[in-house]
Amino acid sequence: MNNLTSTKFIFVTGGVVSSLGKGLAAASIGALLQARGFKICLRKLDPYLNIDPGTMSPIQHGEVFVTDDGAETDLDLGHYERFTGVKTTKNDNITTGKVYHNLLSKERKGDYLGQTVQIIPHVTDLINSFILYNTDALDFVICEIGGTVGDIESQPFLESIRQIGYKLSKNNTVFVHLTLVPYISATMELKTKPTQHSVKELSSVGIQPDIILYRSKIPLSQEQRDKIANLCNVSPTNIIPALDVKNIYELPISYHQYNLDTQILKHFNITSPEPNLDKWENILNISHISTKTITIAIIGKYIKLLDAYKSLIEALEHAAIHNKTKLSIHWIDSRSLNNEITNTFDNVHAILIPGGFGDDGVEGKIIAIKYARINNIPFLGICMGMQLAIIEFVRNVIHLEDANSTEFNFYCKNPVIHQLPELQQNLGGSMKLGSHPCYLKVDSKIFSIYKEQVINERRRHRYTVNLQYKDLLESHGLIFTGHSHHNNNDSLAEVIELKNHPWFIGVQFHPEFKSDPFQSHPLFMSFVQASLNYQETKKA
């Protein structure tokens, strides 16, 4: 530890409305403290009753972020990893559903010895245990509480952090509250009333915020800050703007400029050298150097909420930044595509099919894959995207037109994609999850990209390639260049490549979960480079 006598806890709550950026605020705090040499971890407490987000609609919840140890978690854990480089685990995300599941399991086993099981103390004790678990070696633990203050679902979590604040005292805890200060364009005014009411709501459960972050387009005046300070019992120096930014990687620098990390350390009476933000300044400088622009088409069915593809978008942005290229994403609803493609892909330099589930929109994705294959457009298929690339190839090159996945047609005659037998149980928590080693063929494009024979990538899938078709596929030019070991040393297909195509790769794993702004993932780097090469070819 950094000469601290005890671990400090930072609790981040939100008010007024959801989606204000609590996760990014928490990640930024972590990055700033880390830049000062402190050892940190970040945790997320989600108030919904699902055990995890694994079976939730991406259009409602956003993406499911998968950790190395196979936990299906909230997308904010992706922000935590990308901002700090600290790998999250199953112990860093808890839900009300998981709390109740553990509680009822303990009750059935008789662990409560005949007690009447109640929210207080039994539910809150479990939440407290989650927050405090394995924290002794850390300088700071940053806990984000999901939802909005005032939500019924959040009450046990707020009570838990209140209890921890009381037990550990203000010397070891700080409460950071993020609110909205809306700008009314008709009167050209910033309105502080929502913040006042949000703090009042938080105070009603016994939590007095120490720092207020206000989300706004422009900073408040000193007079407005004094007003909030007076009505919310918070020092004016601790009322800090969370300003809108063009690039989320500006946030740590922005928060530092407004003294967020300084005020947190002042609260704890901790002295520390100024943070080393060189890598953040460097990434912003690079991001402003874009000599070219490429357009990548992403064909999916969750495009109504782009958070469903959050890590994928960030991974592409990272690769574009390090290729000194501006990225434009052309979002296409897979259900809108049919065989009468006219000029849909005329100005596109690459095509990407991300992961997904179910048969809705599948045929549109297959049409896009065929277009990429025939027209030599760089193509990347991830998870289902790889599986659909195989189906397209078998149908249109090998001419087994009834080829399909048993996910879409259980009784198809040529099931080139099928379900792993041991996973034919419950829908939730029944997939291949987490980081696994993948073995690459040395004489392959994928090896030339990674420059390693054994890689570790995260997976999230229930279906896999039926290897009975492997020889047939390879004899026609679709090559298997990566595999992983399965039960009893059986193999699972992890990577495919198309011969005689400039750049056509499918991967069963999810590389987007391991990209960060400081070290772009090699697969996305190569994909963006291939897009640039294709752009030059089109110009010639």
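Note: Cβ is positioned from N, Cα and C throughout, glycine not excepted.
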Of SER6, SER18, SER405, SER435, which does Swiss-Prot put in the CTP site with ASP151, ILE152, GLU153, LYS191, THR192, LYS193, PRO194, THR195, GLN196, LYS227?
SER18
For the ATP site, Swiss-Prot lists SER19, LEU20, GLY21, LYS22, GLY23, LEU24; sort out which one of ASP74, ASP76, ASP92 goes with them.
ASP76
Pick from GLU340, GLU401, GLU407: which one does Swiss-Prot list with GLY356, MET384, GLY385, MET386, GLN387, ARG462 for the same L-glutamine site?
GLU407
Which entry in the list of binding-site residues, ASP76, GLU144, has its Cβ near the fewest other Cβ atoms, using 10 Å as the limit?
ASP76
Cβ density check for LEU24 (ATP binding site), other Cβ within 10 Å (all protein chains) comes to 22
All chains considered, the count of other Cβ atoms within 10 Å of the Cβ of GLY21 (ATP binding site) is 20
Give me the CA-CA distance between ASP76 (ATP binding site) and CYS383 (active site, nucleophile), in Å, as a whole number.
21
Hey, which of the binding-site residues SER18, GLN196 is the loneliest by Cβ count within 10 Å?
SER18
To test your reading of the ATP site: which residues beyond SER19, LEU20, GLY21, LYS22, GLY23, LEU24, ASP76, same chain only, put their Cβ within 8 Å of the Cβ centroid of those residues?
GLY14, ALA25, ALA26, HIS79, GLU144, LEU178
Binding-site residues compared (PRO194, GLY356, GLY385) - the one with the fewest other Cβ atoms within 10 Å
PRO194
Among the binding-site residues listed here (THR195, GLN387), identify the one with the smallest other-Cβ count within 10 Å.
GLN387
